[in-house]
Each structure stands twice: as C-alpha cells, then as structure tokens.
Amino acid sequence: MQTYSASPPKTGLLPTTILHTMIRVRDLDRSVAFYRDALGMTEFRREDYPEGQFTLSFMGYSKATTIELTYNYAPVEYTHGSGFGHIALAVSNINAACERLTSMGVEISRQPGPMTYRASNGNRDVIAFISDPDGYQIELIEDSRG
C-alpha cells in the first residue's frame, strides 16, 4: 500500500490550479452548442490535430478552468464507466435555470430540490441533474453565497 508523507513539499512542487477536465464527445459541434447555448459557456479555444485525428474544444466560464471536449475523428462508441460521476455547476436560481433549460428541450433528470441527505454541518444543497448530448451527468447546485 502506498503511503504519503504528511510533510509539505517545497514551494513550486505542488500543482496550483485545476486547468481542465476532459470528456470525449461524438459530435463536437452539437456538444459545443449545448455547453454554449444551454449552459452559457464560452469556447475559449479550439485546436485541430489532423495527424492525431482529433480536435479539442475548451469550454468554460473563464479561461482558468475549462471542460475539454475531445472529438476523435474515427467513430468510436464511448462508455462512461462506473468511475465517472458528474460535472457540477453553480447557478444563482435553480428553478429559473431548470425552466430555461426545459424550454430549450433539455431533459431534467432530477428535478430541483434539496439533497436527500444532510451534511454533518447541517448543509443540504438544492440540486438538479441534467445530461449533456453524450449522456454526461451535470449537477446544478444553487449557489447561495450571493
């Protein structure tokens, strides 16, 4: 079993930022349209790799942290496996967000409401779930921080 030292490493040796999370998509234009139009993200950059037979699109609300949509030219069926859970996004008004998404044809797989279980600190987030065009689960969390 691997053990990890509790002593902090020297400055500069630890990562400092989460840059992106990558998911594979079957139709890049459809996925970009979903993340842009339904979720309000911006496509910050797109990179084509003809020799590698793939294209990357980086979507997000800021350039600091993005979702990398990876489109492989060769048709491949992907499975999400049991290890992937979801992508979580903050919304200021979950009911209004879900009404807007529903009007756009996005299916709400878990209607807005409090989490089933309460955290040890008493917190009980208000959440909803949707799926992107490739079936990735997206959790919407009402952000009450103002």
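Each Cβ is built from the backbone N, Cα and C atoms, and glycine gets one as well.
Feature list (source: TrEMBL):
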{"type": "ACT_SITE", "residues": "E139", "note": "active site, proton donor/acceptor"}
{"type": "BINDING", "residues": "E68, H86, E139", "note": "Zn(2+) binding site"}
{"type": "DOMAIN", "residues": "17-143", "note": "domain 'VOC'"}
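Feature map: annotations from TrEMBL on the structure.
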| residue | record | Cβ neighbours (10 Å) |
| --- | --- | --- |
| E68 | Zn(2+) binding site | 18 |
| H86 | Zn(2+) binding site | 13 |
| E139 | active site, proton donor/acceptor | 16 |
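On the 0 to 100 pLDDT scale, the model's mean across the domain 'VOC' (17-143) is 94. For the pair E139 (active site, proton donor/acceptor) and E68 (Zn(2+) binding site), the C-alpha distance works out to 17 angstrom. E68 (Zn(2+) binding site) falls within a strand segment according to DSSP.
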